[in-house]
Amino acid sequence: MKALSKLKAEEGIWMTDVPEPEVGHNDLLIKIRKTAICGTDVHIYNWDDWSQKTIPVPMVVGHEYVGEVVGIGQEVKGFKIGDRVSGEGHITCGHCRNCRGGRTHLCRNTTGVGVNRPGCFAEYLVIPALNAFKIPDNISDDLASIFDPFGNAVHTALSFDLVGEDVLVSGAGPIGVMAAAVAKHVGARHVVITDVNEYRLELARKMGVTRAVNVAKESLNDVMAELGMTEGFDVGLEMSGAPPAFCTMLDTMNHGGRIAMLGIPPSDMSIDWTKVIFKGLFIKGIYGREMFETWYKMAALIQSGLDLSPIITHRFSIDDFQKGFDAMRSGQSGKVILSWD
């Protein structure tokens with residue numbers, strides 16, 4: 001079958017032919033319809049330090065997708081041929097304390113689809129049936145293909161009560177923009193997002209944020225004054241991994257504020273810990289999606305009127321995958337969809 005693979009320990013990704021995966025007793029075989037390019041896939045393409053330490057070569061990559069069930073393991077119940085599905089890309093062990101306690105997203109033995117095992121940038125994908133999620137009929141293939149990153153956004157945004165709160169989102173990448181849209185949709189008062197990429201800030205404006213702030217040109221404190229905010233932000237969603245953005249967040253949080261961190265900062269990032277301590281801030285690390293509570297919330301948010309369509313900016317045939325990766329690497333895109341039909 002046709003597949004996009006990391007074939008060499010160097011920059012790039014290559015179309016190749018690989019054997020169709022075999023279906024185990026507890027697995028589903030999924031015929032891929034659409035995939036989306038993740039920032040992780042760009043890291044793998046670029047062959048950065050993280051990729052060199054993490055990705056075995058060769059490896060079929062990709063973990064954002066929607067497809068159709070075409071094969072079912074003999075032990076599987078609850079699915080049938082023809083079901084339209086996406087799936088949780090974190091494969092968990094099922095026997096550690098967190099798995100047995102129902103906190104599977106915190107499994108210490110997690111492996112990643114398209115990272116540690118073959119991914120979805122292929123005509124067919126095999127995953128455990130437990131990881132598959134049926135897509136409701138009123139959710140499009142395009143939206144279903146970005147459920148994985150949308151789940152990161154939902155998990156981060158809904159970590160805290162947002163109704164009536166003032167929310168700061170640092171980082172206007174696709175996940176940050178979706179998190180801001182979720183916050184606004186569920187009842188936050190002011191949702192302010194910051195970045196230095198004007199293209200992506202404009203996407204955030206299309207998604208309905210209160211203010212999208214280019215911090216290279218505009219002061220966040222001035223924006224807060226404009227909005228009549230006198231005490232700081234109640235909730236911070238750190239999506240950028242940029243030390244200056246996190247330091248600004250600490251400066252502008254209200255006392256007792258809560259911060260959810262999805263962005264990955266450098267290991268040597270230095271902050272003023274007195275601000276965390278004396279403001280009584282609560283900081284929560286976010287990894288992946290809660291299985292499967294986040295997935296049910298994703299579907300419900302879309303079904304209740306949350307419009308994610310502006311975040312999808314580019315669509316290509318899989319044969320034009322290079323154009324898709326070029327768009328993602330340029331920084332002048334939202335989500336990029338690759339069609340396998």
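Positions of Cβ are set from backbone N, Cα and C atoms, glycine also.
Sequence-distant contacts (6 or more apart, same chain, Cβ under 8 Å) of Glu64 (Zn(2+) 1 binding site) comprise Thr35, Ala36, Ile37, Cys38, Gly89, Cys120, Ser145, Ile146, Phe147, Asp148, Pro149. What Swiss-Prot records for Cys38, His63, Glu64 is Zn(2+) 1 binding site.
For Thr40 (among others), the entry in Swiss-Prot reads active site, charge relay system, with the evidence type sequence analysis. In the three-state DSSP assignment, the secondary structure recorded for Thr40 (active site, charge relay system) is helix.
In the shown protein chains, 15 other C-beta atoms lie within 10 A of the C-beta of His43 (active site, charge relay system). The active site, charge relay system annotation in Swiss-Prot covers His43 (among others).
Positions annotated as Zn(2+) 2 binding site by Swiss-Prot, on the basis of sequence analysis: Cys93, Cys96, Cys99, Cys107. Counting only same-chain residues at least 6 apart in sequence, those with a Cβ under 8 Å from the Cβ of Cys107 (Zn(2+) 2 binding site) are His90, Thr92, Cys93, Cys96, Asn98, Cys99.
Counted within 10 Å of its Cβ, the other Cβ atoms near Arg200 (NAD(+) binding site) come to 23, all protein chains included. Annotated NAD(+) binding site per Swiss-Prot: Ile175, Asp195, Arg200, Leu262, Gly263, Ile264, Ile286, Tyr287, in sequence order.
Long-range C-beta contacts of Gly263 (NAD(+) binding site), restricted to its own chain and to partners at least six residues apart, with a cutoff below 8 Å, comprise Ser170, Gly171, Glu238, Met239, Ser240, Gly241, Ala242, Ala245, Phe246. Note on proximity: of the binding-site residues His63, Leu262, Ile264, the one nearest Thr40 (active site, charge relay system) is His63, by Cα distance. A separation of roughly 16 Å, to the nearest angstrom, links the Cα atoms of Leu262 (NAD(+) binding site) and His43 (active site, charge relay system). Spatially close to Ile286 (NAD(+) binding site) yet at least six residues away along the chain are Asn152, His155, Thr156, Ser159, Ala260, Met261, Leu262, judged by Cβ distances under 8 angstroms. Apart from the site residues Cys93, Cys96, Cys99, Cys107, the chain places the Cβ of Thr92, Gly94, His95, Arg97, Asn98, Arg100, Thr104, Arg108, Asn109, Thr110 no farther than 8 Å from the centroid of the site's Cβ atoms, the recorded Zn(2+) 2 location.
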